Structure formats: C-alpha cells, structure tokens
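Comments concern the structure below.
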Amino acid sequence: MVHRLAVVVPTPAHSSVAGPLSYRSELALAPGTLLRVPLGRREVLGVVWDGEAAALSPDAGVAERPVAGALEGIGPLSRQWRDLVTFCAAYYQRSLGEVALAALPPQLRDLTTAQVARRLKRSAATDSAGTPDTAPELTGEQAAALRAIDANDGTFLLYGATGSGKTEVYLQCVQGLLARDPQAQALVMVPEINLTPQLQERFVERFGAGQVVAMHSGLTNPQRLKSWLAAHQGAARIVLGTRMAVFASMPGLQLIVVDEEHDPSYKQQEGARYSARDLAVLRGRLEGAKVLLGSATPSLESWHASEQGRYRRLEMASRIGAGALPAVRLVDMNLQPKHAVFAPPLVDAIRQRAARGEQSLIFLNRRGYAPVLSCTDCGWKSECPHCSAFRVFHKIDRTLRCHHCGFTERVPRHCPACGNADIAPVGRGTERLEEHLAELLAEAVRPDGQPVRVARMDADSVRLKGALQEQLAQVHAGAVDVLVGTQMVTKGHDFRRITLVAALQADSALFSSDFRAPERLFALLLQAAGRAGRDAAQAAASEMWVQTWNPGHPLFAALRRHDYPAFAAQQLKEREQAGMPPFGFQALVRAEARTQETAQAFLQAGSAAAQDLAAAHGVTLYSAVPMSVQRVANVERAQMLVEGASRPALQRFLAQWRPLLQASRERGLLRWAIDVDPLAI
Ligand code: ADP
Ligand code: ZN
Ligand code: ZN
C-alpha cells in the first residue's frame with residue numbers, strides 16, 4: 001500500500017509553495033516524524049505534517065516522489081510542537097518550511113539516518129545525576145509567589161525587585177514540578193547567552209548535571225544536537241536557553257520560565273522575527289503548561305496584561321536579606337563646570353568608596369573611544385564609505401571601525417581631505433571614559449594603599465572566548481575598583497561589592513522618536529540600580545547617580561521612588577491616547593535595494609495595491625521612509641509602518657497583503673520582510 005504524506009520541507013520565506021509538499025511512502029508515518037526527502041536535486045530534512053493530501057500544494061504537475069527514509073529512533077515531534085510552528089509561521093508571515101526547519105538543530109539537517117541512529121546510541125548514556133544541593137528556606141514573599149503558582153494555571157507575571165530572589169522561585173518551582181511528576185520537563189529562558197553560564201551553574205548545583213541541558217547559539221552543532229535529543233527524548237528534565245530554546249521539543253513540558261521578560265533580546269531580528277516571550281505564552285496555552293514571566297521592570301505589554309487580569313501578577317517588593325534599593329541621586333549637569341564629563345561630586349563619591357574598599361560601576365551606552373573622529377580644520381568626519389554612519393575611533397588598536405558593516409581601517413595620520421595633522425576625537429565612548437576616569441582617580445587609593453584600579457567591560461573587551469567570565473571573576477574577587485561598561489554590565493550579574501552605580505548621558509532616549517525609548521531607558525536605569533547594594537551590610541549606603549540635563553523629567557521622578565507602577569501607568573495612558581501598543585497593533589515592512597528610490601518604490605507600490613484591502617480591515621498604511629540608519633554595507637534601506645486597531649484584523653490584512661507585496665517586486669529590490677510587533681520603529 002502506498003501512503004501520501006504531507007511533508008514540510010525547507011522553503012524560502014515568501015515562496016508560493018508555502019505549505020507542505022506531497023510525497024509517497026511505503027510506510028504510514030505519523031505526523032511529526034522526521035524524514036529525508038528529495039527536493040529538486042537535493043535530499044533534505046523534512047517533517048511529516050498534518051492534513052489531507054488534497055489540501056497540499058502539489059509540486060506543479062510533477063508526480064509525487066517517494067520519501068528517502070525516516071530518521072529512525074527519533075520519535076515524532078508532538079502535535080503541540082507542530083501547532084507552535086504553524087502559529088509562528090502564520091503570525092510572523094513566513095513560510096512553514098522556513099520556521100519548522102530553523103526550529104530544529106542544524107546538524108539534524110546534515111545527518112543521514114544511519115548517522116543519527118549511531119549518535120542516539122552514544123547520547124543514551126546520560127551523566128550521573130550528582131548530589132543536588134539543598135534549597136534555602138524561602139522568604140514570605142517567595143513562598144507566597146510559589147504557592148500562587150502551584151495553585152493556579154495560566155501565565156504569571158512575577159514582578160520582583162532586583163535581588164528579590166526571583167531565580168530562587170524559579171528553582172523551587174521547577175523542583176516541585178520534577179518531584180511531583182517523573183515525566184515533567186521545564187524550560188527556562190534568559191535573554192542573553194552571557195547569562196546562561198551562571199544560571200546553568202545554579203541549576204546544575206541544585207539538580208545535578210544529568211538533568212540540565214543548554215540551548216543557545218554559542219554551542220557547537222554536535223552539542224546542540226545532543227541537547228536537543230536529550231530534551232526530545234525526555235532524558236533532560238530542564239532546558240536552559242536563549243530565545244531559540246522556545247522551540248525545544250519537550251514531550252513533558254509543564255513549565256516555561258522567561259527571565260527578564262522585558263528584554264528586547266527575546267525578539268529575533270532576522271528570518272522569522274518572532275518574540276520568544278510571546279511564543280512562550282502561546283506555547284504554554286498549547287501545552288497546558290504554566291508560564292512564568294519574571295522582571296523588575298516588566299514590558300508594558302505584560303504589565304498591561306496583568307492589569308487586565310489576563311496574567312496573574314505576583315509581587316516581591318523586598319530584597320533578600322533586608323537590603324534596601326539604592327537611593328537615586330540626580331545630578332543637574334546645567335550646574336556643573338563647563339565640559340565636565342563627570343560631575344565633581346560624583347568623582348569624590350567614587351574616590352571615597354574605593355578608599356573604603358567598595359566598588360563603583362559606571363555605565364555608558366557607547367563602546368569605542370569616540371563615536372567620531374573629526375578634522376579641526378576642514379570639518380572632515382570619519383564617515384563609513386559604505387554606510388550612512390560614522391566610523392567609531394578605537395584607540396586601543398588605532399582603528400576606525402564601522403559598527404554597522406564592520407569596515408575597519410587604521411586611523412589616518414593626516415586628514416584625508418586636507419592633510420591637516422590635527423584630527424581629534426569628538427564625543428566619548430567607554431574606552432575614552434575608562435582613560436579619563438583613570439586620570440581623575442590617579443591619586444586615589446584603596447584601603448591597602450594601592451592605587452585604584454579602573455577596568456572596562458563591553459563587547460570589545462569580552463570578544464575573546466572566556467574573557468567575560470574572567471573579567472567577571474576579577475570584579476567578584478575585588479581586583480577591580482571601578483568598572484566602566486555598556487549596558488552589558490547592567491544585566492543580571494550578581495555583583496556583591498558594588499555600592500555605587502552611575503549612568504552617564506542617559507538623556508537622548510527622553511527625546512527619541514521611538515515611542516519605546518522611555519520604557520527601555522527606565523528599565524535600563526532601574527536594572528543598573530539593581531547592581532548596587534546587593535550585599536545587605538552595604539545596602540543602606542548604596543547609591544545610583546544619574547547625570548542629566550533634564551532633572552525635572554517625570555521619568556526621573558518615578559525612578560527616584562523606584563516606582564515602576566507609576567511610570568507604567570503614565571506611559572500606558574500616553575500609549576492609549578495615541579493608539580500605540582499594547583492598545584494598537586503594528587507591523588513594519590522593510591525593503592532593501594541598491595538605491596533608496598527602488599526600496600521606497602516597492603513599498604509605495606505595495607501600499608497602492610492594498611488600499612481597498614486596508615480599508616476593509618481598518619488598517620492604516622503610512623508612507624515609506626528611509627530607515628534611521630539608511631545605508632548599511634552599500635545597501636539602501638526603507639520601511640513602512642502598518643497599524644491596526646485589532647490583532648486579528650491586522651493578521652488577516654497581512655496574510656492577504658503578502659502575495660500582493662511579493663508581486664510588487666521590481667528589478668533592483670534585494671530583500672523585503674515583514675516584522676510583526678516590531679520593537680524598534
Ligand atoms: P533576582 O533574580 O530577583 O535578582 P536572585 O534570585 O538572584 O534575585 O537572589 C539574590 C540573591 O539572594 C542570590 O544570591 C540568592 O542566592 C539569594 N537568595 C535568594 N533567595 C534566598 C532565600 N530564600 N534565602 C537566602 N538567600 C536567598
Ligand atoms: Zn581636514
Ligand atoms: Zn559601514
């Protein structure tokens with residue numbers, strides 16, 4: 001007997017053959033089965049999908065081809081997994097094949113069935129479980145949160161101050177689950193790969209190495225396959241990972257934790273531009289699993305959902321060990337000496353803390369030495385020849401580097417335009433700040449009489465493998481007195497001896513055209529403040545300094561009181577009046593071409609073709625505009641904003657518009673893509 005199978009294969013993003021293809025098979029293979037099938041002249045990995053053969057898009061008149069073989073020994077992917085992928089492809093306007101195959105470990109695509117079988121035999125032998133350490137006794141707030149999670153289903157928003165012990169709640173929640181049900185599995189996500197090692201350490205300490213696997217892009221392909229198989233077969237009870245882990249195949253999934261749920265890194269920025277946080281909530285519903293979103297500064301979307309009661313809000317206001325949150329001090333830069341980078345009282349405060357053996361953290365969101373190099377004579381600036389952006393001056397290796405396309409050159413000795421030898425850095429990045437601060441603190445001493453040590457941590461300083469862990473260890477060991485860094489240093493790290501945090505140049509976000517800029521700034525500052533005073537003994541004296549030209553801004557008033565709810569209420573009111581998310585729904589269409597005209601013409605043609613459709617769905621199409629960094633690596637970029645009053649209406653519109661857009665392509669258009677629920681407009 002011959003069976004007709006619906007098989008999802010890797011198809012391009014906007015291919016007209018978006019659904020599964022039809023194949024012949026001698027065996028009846030269950031939906032979810034992984035198999036290899038011929039596609040054109042290649043043999044590719046595919047997944048047996050649900051649905052009637054009649055509903056398939058036929059391979060344009062070609063007779064159905066036979067499958068090459070199933071990947072034996074690997075059980076089928078669950079219905080819930082397939083539903084997640086189906087939803088993701090439809091919602092984010094990509095092909096099913098693209099999403100399904102990208103959600104699987106890359107090595108699965110390249111292996112023959114025999115190789116997979118061999119590998120399965122080897123990973124069968126799991127590590128020993130080890131002896132788990134014992135859990136500390138929960139505080140009253142932690143215990144109340146845990147009880148609420150145990151007693152209810154659905155999605156929870158764990159709104160807990162930095163250092164309130166959210167991670168311990170995750171640990172004990174997982175612990176209870178695994179103890180109750182020998183099949184149960186838990187998925188724990190963190191926004192950044194840098195945060196996985198320390199989280200993994202805490203989970204391995206508690207549960208033993210055999211129970212825990214990691215999933216993130218820093219793993220080698222064989223490691224990723226190994227983790228994936230362990231989760232898929234149920235041998236690994238806990239999966240820790242970054243956004244990609246939301247697609248982990250976990251037959252016993254009962255709990256999904258999304259730590260720092262507000263973090264923009266949960267949004268994938270290429271291919272299917274999914275939000276792993278939003279998919280986690282959806283997946284929870286599909287699987288009947290609990291979803292726990294944790295943050296000290298929730299996204300306004302999640303906060304709004306908790307106000308409406310769609311998410312159950314759990315609050316933990318106090319820090320562990322009675323540590324207080326640091327006092328926020330605003331420094332009015334209008335009153336400081338002209339051209340001062342650091343207000344003198346701030347320098348004094350840093351010096352005093354170093355003298356007491358305490359650490360300070362200075363935060364500036366710009367790496368490199370100076371954002372631009374300029375000729376004092378003719379006005380030449382270090383523009384990137386390939387991008388509409390300046391190249392950043394990196395003094396350490398005397399290069400000009402473009403942070404958009406990577407184009408790097410040695411710093412010229414003379415101005416390339418007029419030959420003047422006097423070219424100077426303008427503005428400052430972390431590298432220059434580190435240098436400047438070391439000069440200001442040249443006379444300062446530690447309690448042991450040694451000079452104060454200033455160090456820097458940013459994407460440049462941690463480029464080498466292991467560098468970040470080493471630098472963190474130095475901070476923990478007290479070898480560093482003052483740490484200068486980008487937002488990398490504000491996230492998650494549990495620094496025990498930092499009692500002063502200072503934010504420089506925070507103002508630009510106050511006047512940004514991006515309506516999410518204040519939300520991001522508030523989260524960043526409150527998270528940064530959270531790095532100070534973690535040690536109860538020093539907490540009372542810990543401080544967060546913010547240098548600003550606008551000390552009267554309401555955002556800072558809320559920050560001083562650590563009053564996230566007041567800030568959120570004010571922002572949500574503004575958003576509601578303007579019909580912005582979460583009260584309205586958005587998508588961006590992005591286009592890339594050799595010329596800006598071509599990119600915009602494509603968007604305008606797509607818009608013209610959709611006028612009736614947009615009216616029918618109550619959707620607003622805005623004009624095509626250049627992206628904020630208009631040209632990157634000699635490619636011109638444009639975008640068009642689409643707004644709808646309801647999610648389903650916007651979804652229906654996008655699904656019908658997509659083929660019209662595809663048909664509007666003209667010569668010279670390189671790429672186009674839809675970004676649903678974009679984070680940066
Ligand atoms: P958060 O994730 O909310 O920032 P953490 O979970 O990292 O906070 O907890 C902060 C610190 O307090 C950690 O060092 C953690 O080990 C410790 N801690 C958490 N809960 C408890 C508890 N119930 N008893 C003692 N120490 C705790
Ligand atoms: Zn010049
Ligand atoms: Zn460039």
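Residue numbering: from 1, along the chain as shown.
Every residue gets a Cβ built from N, Cα and C, even glycine.
Keep in mind that TrEMBL annotations are predicted by a computer and have not been checked by a curator.
In the structure as shown, the Cβ atom of C418 (Zn(2+) 1 binding site) sits within 10 Å of 12 other Cβ atoms. The Zn(2+) 1 binding site annotation in TrEMBL covers C375, C378, C415, C418.
Summarising the annotation, TrEMBL assigns Zn(2+) 2 binding site to C384, C387, C402, C405. Around C384 (Zn(2+) 2 binding site), a 10 Å sphere centred on its CB holds 24 further CB atoms from the protein chains shown. Following the DSSP three-state reduction, the secondary structure of C384 (Zn(2+) 2 binding site) is coil.
Residues or ranges marked as domain 'Helicase ATP-binding' by TrEMBL: 147-316.
Other residues of the chain with a Cβ within 8 Å of the Cβ centroid of C384, C387, C402, C405, the Zn(2+) 2 site, are P385, H386, A389, R391, H403, H404, G406, F407, V632, A633. The Zn(2+) 1 site is set by C375, C378, C415, C418; from the centre of their CB atoms, other residues of the chain with a CB within 8 Å are T376, D377, G379, W380, P416, A417, G419, N420, I423.
For C402 (Zn(2+) 2 binding site), the same-chain residues lying six or more positions away in sequence with a CB closer than 8 A to its CB are C384, H386, C387, A389, R391, V392, T408. Proximity to ligand 2 (Cβ under 6 Å from any of its atoms) holds for these binding-site residues out of C375, C402, C418: C375, C418.
Confidence for the domain 'Helicase ATP-binding' (147-316), expressed as mean pLDDT, is 95. Checking the binding-site residues C378, C384, C387, C402, C405 against ligand 3, the ones with a C-beta less than 6 Å from an atom of that molecule are C384, C387, C402, C405.
Most other Cβ atoms within 10 A: among the binding-site residues C378, C387, C405, that distinction falls to C387.
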